[in-house]
Amino acid sequence: MSNLLVLNSSANTGESVSRILIDEAVNQILTAAPGTDVVRRDLGANPVPHLTTANLAGVRGTPSTSEELAARALSDELIAELKAAGTVIIAAPMYNFSVPTSLRSWFDFVLRAGETFKYSEAGPEGLLKGKKVVVLTSRGGLYSEGPAAAADFQEPYLRHLLGFVGITDVTFIHAEKIGFGPEARAAAITGAKGQIAKVAQTFSTVAA
């Protein structure tokens, strides 16, 4: 079994639904495929810095200052983790209809020309083909269908970013309406855990 990269992005380190779900997913996968190597990156507790004038050249240029060199070293580290992973699990709560800025910053540091994608005469080409990603979302309302679906800037955004680097095997598991009260929250978690169990079964097949 190849490496599993686990990305938490919730700023809530307490009873975060997305953290509950990602812990469930990791436990289920390790049960199905005990030999899996897990690399954890908690972007909520230890966020990747935002791109600024001081560090931009470290990711999108030629680094020279200490800030730029530090940004390049972090970018290299994050990209190495991603390249080594056969599967990535992302816990992504919906913040203001999109993703936490900590997750956005992670993408800013790993989407690097020549490393995770390249430009050609035909346009950009992703260099990370063959990987699998499972995205676990938590949402206060219902955005997968109905009138609020037009306000879902989370799933389309993540699908596009992942597709840009060549990752098209992406599964989304949504825990929705968690803001509708305790019963709705519990039902959303239970439903998402059921979907996680089905996804985890595929890992035992791969491991075999």
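Any Cβ shown, glycine's included, is placed from N, Cα and C.
Noted in Swiss-Prot for the protein shown:
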BINDING   SER10, SER16, VAL17, SER18, MET94, TYR95, ASN96, PHE97, SER138, ARG139, GLY140, GLY141  FMN binding site
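Mapped onto three states, the DSSP output places GLY140 (FMN binding site) in coil. Within 10 Å of the Cβ of VAL17 (FMN binding site) there are 22 other Cβ atoms, across all protein chains.
For the binding-site residues shown (SER10, ASN96, SER138), fewest C-beta neighbours within 10 angstroms: ASN96. The maximal spread of the FMN binding site, taken as the longest Cα to Cα distance among SER10, SER16, VAL17, SER18, MET94, TYR95, ASN96, PHE97, SER138, ARG139, GLY140, GLY141, is 17 Å.
Within the same chain, the residues at least 6 positions away from MET94 (FMN binding site) whose Cβ sits under 8 Å from its Cβ are THR137, SER138, ARG139, GLY140, TYR143, GLN154, listed in sequence order.
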